[in-house]
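*Asks:* Okay, handing you the structure first.
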Amino acid sequence: MTKNNSSRTLVNLLGIPSLLAIIYLGDSYSNIPVFSVFIGIVLYLGALEIAPLSKMKNGHPVISVLLLFLALLQIGRIPGINWEIPIHTLMIGLTLTAMAMEIFRKKETPLLNISILVFSFVWLGLMLGSLSELRNLPDIGFKITLALFLSVWICDTGAFFFGKKFGKKKILPDVSPKKTWVGTIAGFICSVIFLLILNQFGYFPELFTLIDVLALGIITGLFGQFGDWSESLLKREAGVKDTSKILAGHGGILDRFDSLTFAAPLTLIYCTYFIKTG
């Protein structure tokens, strides 16, 4: 076993049980917002990975500004904190702050710097950070969040093994050269089948119909892969393989949570508008 594989195995052995425990504890265990704090840390580390990617294209965003507004957003998601700053207020505040700072910084790429900050706030704060809101949905938060993580992992695993064994034709050679049509379709099917099996064993609450389970499968199995491809697109433009090396053998935080940047907000939107919770 190579050193890289050993590191990857160690991260899996420690990381997966820890993450499952964090999902289980949520934000109400002894009134400690365990899950939202964890997601806040993920957002913080993800934001730090933005700077090196930006520099590859001569971008120099003020990451501290991004961190400030991500913190304001994430703190407002913690149950029990009566602090609800409207999203549009945060967006305007971030944009105004970034523009004002660029006036005095005298950098060569002010528009790029501002755009990176606004995009990163949406990508990390609103999209990936929506996991906190999903976990805190009444009645279904724990089960739907756990199912989301597991389904995304199943999709990634199925896509990897089937793609490696049977995949030949590349689906997006200019974006993610190793991804194949076989792997993509297999990952999607594995995700849907996994959720159908959970449903067959009565995992989902009674308010979930078969259509809801299939919709969740489509979100995780299809749009989760879009999240993966989108991050690959950004890395390819920056000319890097991994966003960082913080997770030995796995790359960076953004590399590990990329699928959830699409799957989490879409699952939240679906549950908010189509699942009647208490």
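Every residue, even glycine, has its Cβ placed from backbone N, Cα and C.
Fair warning: this is a prediction, and the values are worked out from it, not measured in the lab.
Here TrEMBL flags 9-26, 32-50, 62-79, 85-104, 111-128, 140-161, 181-201, 207-226 as transmembrane segment.
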*Asks:* May I ask for the residues of the chain that lie six or more residues beyond the transmembrane segment (85-104) and have a Cβ under 8 Å from a Cβ within it?
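*Replies:* Those are 61-62, 65-66, 69, 72-73, 76, 110, 113-114, 117-118, 121, 125-126, in sequence order.
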*Asks:* Near the transmembrane segment (111-128), which same-chain residues lie under 8 Å Cβ to Cβ, leaving out any that are not at least 6 residues past its ends?
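*Replies:* Contacts of the transmembrane segment (111-128) (Cβ under 8 Å, skipping residues fewer than 6 from its ends): 39, 42-43, 46-47, 50, 54, 57-62, 65-66, 69-70, 73-74, 87, 90-91, 94-95, 98-99, 102, 105, 257, 260-262, 264-265.
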*Asks:* Do any residues of this chain, six or more beyond the ends of the transmembrane segment (207-226), have a C-beta under 8 angstroms from a C-beta of it, and if so which?
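*Replies:* Residues packing against the transmembrane segment (207-226) from afar: 139-140, 144, 147-148, 151-152, 155, 159, 184, 187-192, 194-196, 198-199, 259-260, 262-263, 266-267, 270, 274-277.
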